[in-house]
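Asker: Once you've had a glance at the structure underneath, I'll fire off some questions.
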Amino acid sequence: MRLSAFAPAKVNLFLHVGGPDGEGYHPISSLMVFADVGDRVNLQPADAPAFETSGPFGDQIPAGGDNLVVRAGQAFHRRLGGPVPPYRLILEKHLPIAAGLGGGSSDAGAALKLLRDALAPALSDDDLEALAASLGADGAACLRARALIAEGRGERLSPAPRLPELNAVLVNPGAPSPTGAVYRAYDAGVHPDGAAMPPMPDHLESAEEAAAWLAFATRNDLEAPAVRLEPHIGEVLDVLRGEPESLLVRMSGSGATCFALCASDIEAEGLAERLETMRPDWWVRRCRLS
């Protein structure tokens, strides 16, 4: 049996962050959506267990126990509690590393879905979500891979308001933005607004309305510290904010990927093509968010 699953990029339309609690964790509130660009995870029968990487960023990720796909397999085996037939997991890595796109968590979620399909189809969604949550703060959200609100440490999930079609351009400057370093830089400041959720509309009718509400009521609290650590992020933000197609420009997660919401797919396509010509050293992808 050969199986394949898509692992979509996660985008934080907003990310509000509070100060660390007694255990060092930061409370958050975030509206997460998922793109139609991402990685792919494949599962194949094998003579012995194996994990391989491919794709344009495959050589930049660890192949051992630090990889979330490997850890997902280990967690799945512990949950089954018995021997499993050998298999090979192949990660096609198309998303940049340390990019604020939840790539590792999304890859792990795709791997868990494949392993359930192949080895334990009776395993419940709740069981699978518990495994995903054990792998990281956004593990459960990336397993669901649909628009949602995340609160607490990222484990309290609820449905997002009804969103319009959102066309966007993702841009990464080719510089990693390690999450731990960004949070430490964030902790060095004062943050009176904390992780409070903004009043949420029941629905947003258009991309223009969504962008206006996001700009007025929300923010990404990690954007400023990430820019201080990696000025190339600021360069991307400045370029995107100067383009006529950009309705809203913001960094996703802890960076370094930034996004511009556009009014239509045609406008997103035009912006992406122009950026690819202007800055061939940047990773640029047009996408739809949902």
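Numbering starts at 1 and runs along the chain as it is shown here.
Glycine too: its Cβ is placed from the backbone N, Cα and C atoms.
Got these off Swiss-Prot a minute ago, pasting:
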- Lys10: active site (ACT_SITE)
- Pro96, Ile97, Ala98, Ala99, Gly100, Leu101, Gly102, Gly103, Gly104, Ser105, Ser106: ATP binding site (BINDING)
- Asp138: active site (ACT_SITE)
Asker: Could you say whether, by DSSP, Lys10 (active site) belongs to a helix, a strand or a coil region?
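Answerer: Where Lys10 (active site) sits, the three-state DSSP reduction gives strand.
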Asker: Express the distance between the Cα positions of Ala98 (ATP binding site) and Lys10 (active site) as a whole number of Å.
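Answerer: Their Cα atoms are separated by 12 Å.
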Asker: Other than Pro96, Ile97, Ala98, Ala99, Gly100, Leu101, Gly102, Gly103, Gly104, Ser105, Ser106, which residues of the chain come within 8 Å of the ATP site, judged by Cβ distance to the Cβ centroid of those residues?
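Answerer: Near the ATP site, the remaining chain residues are Ala9, Lys10, Leu95, Gly253, Thr257.
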Asker: Suppose we draw a 10 Å sphere around the Cβ of Asp138 (active site). How many other Cβ atoms does it contain, all chains included?
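Answerer: For Asp138 (active site), the count of other Cβ atoms within 10 Å is 26.
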Asker: I need the CA-to-CA distance for Asp138 (active site) versus Pro96 (ATP binding site), whole Å please.
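Answerer: About 17 Å separates the two Cα atoms.
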Asker: Helix, strand or coil by DSSP: which one applies to Ser106 (ATP binding site)?
Answerer: helix
Asker: For Gly102 (ATP binding site), what is the tally of other C-beta atoms lying within 10 angstroms of its C-beta?
Answerer: 29
Asker: List nothing but the one residue from Pro96, Gly100, Gly104 whose Cβ has the fewest other Cβ atoms within 10 Å; the candidates are the binding-site residues.
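Answerer: Comparing Cβ neighbours within 10 Å for the binding-site residues Pro96, Gly100, Gly104, Pro96 has the fewest.
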Asker: Pop the Cα-Cα gap between Lys10 (active site) and Ser106 (ATP binding site) into the table, whole Å please.
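Answerer: Their Cα atoms are separated by 8 Å.
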Asker: List the same-chain residues at least 6 positions away in sequence whose Cβ sits under 8 Å from the Cβ of Lys10 (active site), in sequence order, or say none.
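Answerer: Looking at Cβ-Cβ distances below 8 Å from Lys10 (active site), excluding near sequence neighbours, one finds Met32, Val33, Phe34, Ala35, Leu101, Gly102, Gly103, Ser105, Ser106, Asp138, Ala141, Cys142, Ala145, Ser252, Gly253.
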